[in-house]
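A.B. asks: Next up is a structure, given as C-alpha cells.
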Amino acid sequence: MDSLKLPKANSATSSASGSNSNLSGSTSASASAATSPTSSGTAVGGILSGAPKSPPGLGSSTPISVRFNANEESLDDILQSFHHSKHSPSGGASGGGDASPTSNLLGMKNNGLGLVVGNCDSLSSSPSQPQMHAGSASLFGNDEVSLRNNFMQAGGFFNRKSCGGLPNLNLNKPPQLHQQQHQQQHQQHQQHQQQQQLHQHQQQLSPNLSALHHHHQQQQQLRESGGSHSPSSPGGGGGGSPYNGSQAGCSSGGISPIPPQMGVSPKYRRSISFPIKGNSPTAIYGNMHMDGMGSGHMNIPTLSIGNGGGGGSTGMVSAGATGGGDAPYLGNSYGNMMTSNGQMHHGGGLDNSLCDYMRNMSLGGNGGGDGSNSMSLMQDRMRVMGGPKHLSEADAMAIAASGNDPSVYLNALKMGSPSRLSPHSPHSPIQGGNGGNVGDGTARFSRKVFVGGLPPDIDEDEITTSFRRFGPLVVDWPHKAESKSYFPPKGYAFLLFQDESSVQQLIDSCITDEDKLYLCVSSPTIKDKAVQIRPWRLADADYVLDATMSLDPRKTVFVGGVPRPLKAFELAMIMDRLYGGVCYAGIDTDPELKYPKGAGRVAFSNQQSYIAAISARFVQLQHGDIDKRVEVKPYVLDDQMCDECEGQRCGGKFAPFFCANVTCLQYYCEHCWAVIHSRPGREYHKPLVKEGADRPRAVPFRWC
C-alpha cells in the first residue's frame with residue numbers, strides 16, 4: 001500500500017509510507033475494484049476514506065493523503081495519464097450506446113490500464129464544499145456535480161486508480177500537446193508490461209486462457225488502430241448505474257477473471273461480470289465476427305449477476321440467483337450456451353441442450369441451422385459425449401423436426417441387443433448403414449413389408465408378378481396355410497424379400513403422400529390401383545428415453561396386442577404420459593425377419609410407475625389412426641431363480657412361476673409357491689408362466 005502526502009500545490013510530490021492515511025475533506029468515499037475484460041493490468045483497488053474534520057481554509061497548507069494500491073505506479077504516472085483520457089471516447093459502458101456522458105460524470109476514463117481521471121493535472125485541497133462545487137461545475141455543470149457527489153456520499157463504487165469523483169479534486173488546466181504525446185508513449189509502455197503480468201497470472205487463474213489471451217490480443221490491435229474506442233460500441237448490462245457495464249472497451253462483453261486476492265464487494269447492486277466458477281468451458285470463443293459498426297469482437301456469453309438486464313450485447317446470458325452444482329449463482333441458461341457458428345457448447349448434457357435447441361425450432365427459429373446443420377450437430381454432439389449412447393427424447397424431436405432420415409442419427413447410436421436379463425429385444429441389430437442384407441450388420445429395414453389396399457380380385461401370383469422386379473420374394477398373409485386360399489382375405493398381404501436391398505428399391509419406387517408410401521398395382525379388373533407400402537425400419541424397434549438409467553427387468557411390463565404400425569417411440573410416449581417414469585420401450589420382432597409380432601415391452605425407472613401400470617391391466621392406445629385396447633402385465637423372464645429359496649428347494653432350477661399381485665411380485669418354484677400361497681389372503685393369486693421361446697411360424701419359402 002502506497003501513501004502519498006501532497007501539500008496544496010499544482011505539482012504532486014510522492015512520499016512512501018506503510019501506514020494508513022486519510023483524505024481530509026467533508027465527503028468520504030469507499031472504493032471497490034472493478035475489472036474490465038479489456039484491461040491488461042492486474043486488478044487493483046484503492047480505498048479513500050474521509051476523516052471527520054472540518055474543511056481547511058483557502059490559505060491552509062494542510063497536506064492531503066491519497067492512498068493507492070497501485071503497485072509500481074507513482075502518482076505522477078497516473079496524473080500524466082489524465083490528460084490523454086479526456087479526448088479519447090470510451091465504448092462499452094452500461095446500458096449500450098455512447099459511454100462518454102457516464103464516464104465524464106465521474107471524471108473517469110478507460111485507457112487500457114483501468115479507469116483513470118480525465119482532464120486534470122493537479123490535486124488541491126478543497127477549502128469548502130461550495131467552492132469545490134463551483135470549481136467542478138465549470139467542467140461538469142452544477143447538476144452533474146451534485147449528482148456525482150450524491151452518488152459518492154451514498155456509498156457508491158469507486159473504480160481503481162481513480163481520482164475523478166472526489167469532492168476535493170479540482171479539474172481545470174488543459175494539457176499541452178507535448179505532454180499528451182509523452183503520455184501516450186508512457187501509457188503504451190506500461191500497458192505492455194502489465195499485459196505480460198496478466199498473461200502470467202492467467203495461467204494459474206483462468207481455465208479460459210487460450211480464448212481470453214486471443215481476445216486480449218485482438219483488443220490490443222483494435223486499440224492501436226482506434227477501433228476499440230468507437231463511441232457507439234454497445235455495452236453490457238442496463239439500468240442507470242455507471243457500473244452496470246464495467247467491461248468498457250469490449251463491445252460484446254467478456255468473462256473477466258478476478259484475482260483471488262481481490263474480493264468482490266457485497267454491496268454490488270447492479271450487473272457485475274463474474275468469472276465462470278468451477279469447470280469452465282474450453283476455448284470455444286475463437287470465432288471473430290464484425291458487428292454493425294465495424295469493430296471486431298468475439299461472441300463471448302457474459303454472465304450477468306443480479307437484476308441487471310435490458311440492453312446490451314447479443315452475447316449476454318443473464319443468470320439469476322438460481323442454479324446449482326459448483327456455480328450456484330449461475331442460472332439455467334448457462335448449460336445451453338451456443339457459439340457464434342451455431343455449434344452448441346456441452347454444458348448441461350445432451351438432453352438439456354437439444355431440448356432447448358428443438359424448443360427454439362418449434363417457436364419458429366431456425367434452431368441454429370437447417371436440417372443438414374441439425375444432422376451434423378447431432379453427430380458432433382454424440383462424438384463429444386463419447387461412448388455408446390441411446391436415443392433420447394430430444395433426439396427423436398430433432399429427427400422429427402429436421403425432416404431428415406432418422407437412420408442418419410441412429411447410425412451413431414449403439415442400441416445392440418443386451419443379455420437375457422435385459423428387457424431389450426434380443427434381436428435389435430441397430431448398427432446403421434445404407435443398405436445390405438440381414439446378418440451383415442448394415443440392414444436398415446426388415447425384409448418383410450406390409451402391403452395394404454390390394455384389389456379384391458388379385459391373387460398370389462399377380463402380387464408376385466407386380467413386385468418381382470425388385471427382387472426374389474414370397475407373398476404371405478395371416479392363416480394362409482390353413483385357409484388354402486389364393487386371394488388375401490382382408491385386402492392386405494406381406495412381401496417377404498430375400499434381400500434387404502430389394503426393400504430399398506421398392507421404397508425408392510414408391511410415391512410419397514403425407515408420409516405414406518404408395519405403389520400402383522393392377523388386377524384383372526382394376527388397373528393401376530394405389531396400394532400402401534409400409535416397410536418396417538429396424539431403428540423403430542427400440543427407444544430409450546433415459547440412457548443413464550439401468551434397465552431393471554423387475555420394473556418392466558409386457559404390452560400385448562400392440563398394433564404393428566406402432567413404433568417404440570410412440571409406445572414410450574403413450575406409457576410415459578399415462579404413468580410416467582418410462583426409461584425404455586421396445587417392440588418385439590421375430591428373430592429372422594425382424595418384423596413386429598404385435599407385442600412390446602416398457603421399462604420404468606421407479607417402482608411406483610411399474611405398479612401403477614400393472615394394476616391398470618388394460619391400456620387404451622390412441623395415436624394417430626391407432627385406437628386399440630391392449631393388455632399390460634409384468635414382463636416375466638424364464639431364467640430367474642426362486643426369490644424364496646434361491647434354488648435350494650428346487651435343485652437349482654429356474655423358477656417357473658411369477659406372482660403378479662402387488663403384494664408379491666416375486667418368482668417362485670413349485671414348492672415355495674405352494675407354501676407361500678397357502679396363507680390366508682394369497683390363495684387366490686394366479687401365477688404367470690413364461691411362454692416358450694419365440695419361434696417364427698414355419699413357412700415353406702421358395703424364392704420366386
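The first residue you see is number 1, and the count goes up from there.
Placed from the backbone N, Cα and C atoms, the Cβ positions cover glycine too.
Note that this is a predicted model, so its numbers are computed, not measured.
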A.B. asks: Looking at S100, S256, S422, which is the one Swiss-Prot tags with phosphoserine?
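C.D. replies: So the answer, going by Swiss-Prot, is S100.
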A.B. asks: Looking at Swiss-Prot, which of S54, S126, S241, S425 is flagged as phosphoserine?
C.D. replies: S425
A.B. asks: Is it possible to list how many residues within the domain 'RRM 2' (555-637) are helical, extended or coil according to DSSP?
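C.D. replies: The counts are 23 helix, 37 strand, 23 coil.
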A.B. asks: Per-residue pLDDT averaged over the domain 'RRM 2' (555-637) comes to what?
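C.D. replies: Across the domain 'RRM 2' (555-637), the average pLDDT comes out at 91.
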